[in-house]
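**Q** When I checked TrEMBL for this same protein, it listed these features:
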type     : residues : note
DOMAIN   : 16-137   : domain 'EamA'
DOMAIN   : 148-273  : domain 'EamA'
TRANSMEM : 16-35    : transmembrane segment
TRANSMEM : 41-61    : transmembrane segment
TRANSMEM : 68-87    : transmembrane segment
TRANSMEM : 93-110   : transmembrane segment
TRANSMEM : 122-139  : transmembrane segment
TRANSMEM : 145-167  : transmembrane segment
TRANSMEM : 179-198  : transmembrane segment
TRANSMEM : 204-224  : transmembrane segment
TRANSMEM : 231-253  : transmembrane segment
TRANSMEM : 259-278  : transmembrane segment
Amino acid sequence: MAHIDSESHASPLRPILALALTAAMWSSGGVLIKLVDLPPLAVAGLRSTVCALLLIALRGLPARPRDAAQIGAALAYAATVILFVSATKLTTAANAILLQFTAPIYVALLAPRILGERTTALDWLATAMVMAGMGLFFVDKLDFSGFWGNMAGLASGVSFGFMVLFLRKQKDGSPYGSLVWGNILAAAVCLPFCFEKTPGLSDVAGLLLLGVFQLGLPYLLYAWAVRQVSAMVAVLVPVVEPLLNPVWVYLILSERPGPWAMIGGAVVLIAVTGRSLLPMLLRPRSQMAHDSLG
């Protein structure tokens, strides 16, 4: 398969900003989930139910997925939601987040084969910096107990990586259908856990915010942005999500992150910003050189 440079056309600044906004909205989950006093899988199922209803209300019910990319994206999405919630229940939140964001490694390895998108030296450097920065960010919170939780976290990293790849595979189509059916599937799988406890008013409010603000609207943005940029950019920019969780906590609870977390966060932000902006900064120079030769 011939390799393509998916960022060689229009400037990807707008989709990069959309990805950053997506990550910011995703990051509200840590605070919003505290509003919901329900079992984790019930939260996952009801959140996906609200999200699916929102997407259908905004854009209608899409046809059922038919090709491999559509089906793969829907399955990977549902697996990511369920595995991440399970990991959070069975191990620490820090472990779950760190293990899920191993996804850039899988995208870097598989994007050339699945998408024909070349993984550059800059991609590998950014991925290494992200992994190192995330390790520093969570160094004080990691816990090596909770074997099955850690396994679920690792699996959620794999499924998140495949979700990005299969959504990106639909760049000439519409990833929207995969997101709707992925939420429907996640809601169906979690349905048995949704009746263990009757939600109160604060639970309903939290679930509505989770389904609309933390999941539905950001995934609409993500479905648009993933068609405009490479898979590596689509998986690296959202890595800022866990870095924003302490920002919400600080704003609401005045809990300041530790020094290692701040250093690690700075490393991740430098890596993501550099990977996103360097190609745009270098492209005009190469274009000028090309024009002068012509």
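Every residue, even glycine, has its Cβ placed from backbone N, Cα and C.
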**Q** Look over the recorded stretches 122-139, 231-253, 259-278 and say which has the most C-beta pairs under 8 A to the transmembrane segment (145-167).
**A** 231-253
**Q** So what's near the transmembrane segment (179-198) in sequence-distant terms, Cβ-Cβ under 8 Å and 6+ beyond its ends?
**A** 37-39, 41-42, 44-46, 48-49, 51-52, 55-56, 61-62, 64-65, 70, 73-78, 81-82, 215, 219-220, 223
**Q** Can you work out the mean pLDDT of the predicted model over the domain 'EamA' (148-273)?
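**A** Average per-residue pLDDT within the domain 'EamA' (148-273): 89.
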**Q** Give the nonlocal contacts of the transmembrane segment (231-253) in its own chain as ranges (CB under 8 Å, at least six residues past its ends).
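**A** Sequence-remote neighbours of the transmembrane segment (231-253) are 6-7, 12, 15-16, 19-20, 22-24, 26-28, 30-31, 97-98, 101, 103-104, 107-108, 111, 115, 117, 119, 123, 126-127, 130, 134, 137, 160-161, 164-165, 167-168, 222, 225, 261, 265, 268-269, 271-272, 275-276.
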**Q** For the transmembrane segment (41-61), which partner among 93-110, 122-139, 204-224 gives the most CB pairs under 8 Å?
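**A** Most Cβ pairs under 8 Å with the transmembrane segment (41-61) come from 204-224.
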**Q** As a test: from 93-110, 122-139, 204-224, pick the stretch that has the greatest number of Cβ pairs under 8 Å with the transmembrane segment (16-35).
**A** 204-224
**Q** With DSSP as the reference, give the number of residues of the domain 'EamA' (16-137) in helix, strand and coil.
**A** 98 helix, 1 strand, 23 coil
**Q** For the transmembrane segment (93-110), find every same-chain residue at least 6 residues outside the stretch whose CB is under 8 Å from a CB in it, and list them.
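**A** Same-chain residues near the transmembrane segment (93-110) but 6 or more away: 30, 80, 84, 87, 119, 123-124, 126-127, 130-131, 134-135, 137-138, 141-143, 146, 149-150, 152-154, 156-158, 160-162, 164-165, 231-232, 235-236, 239, 242, 245.
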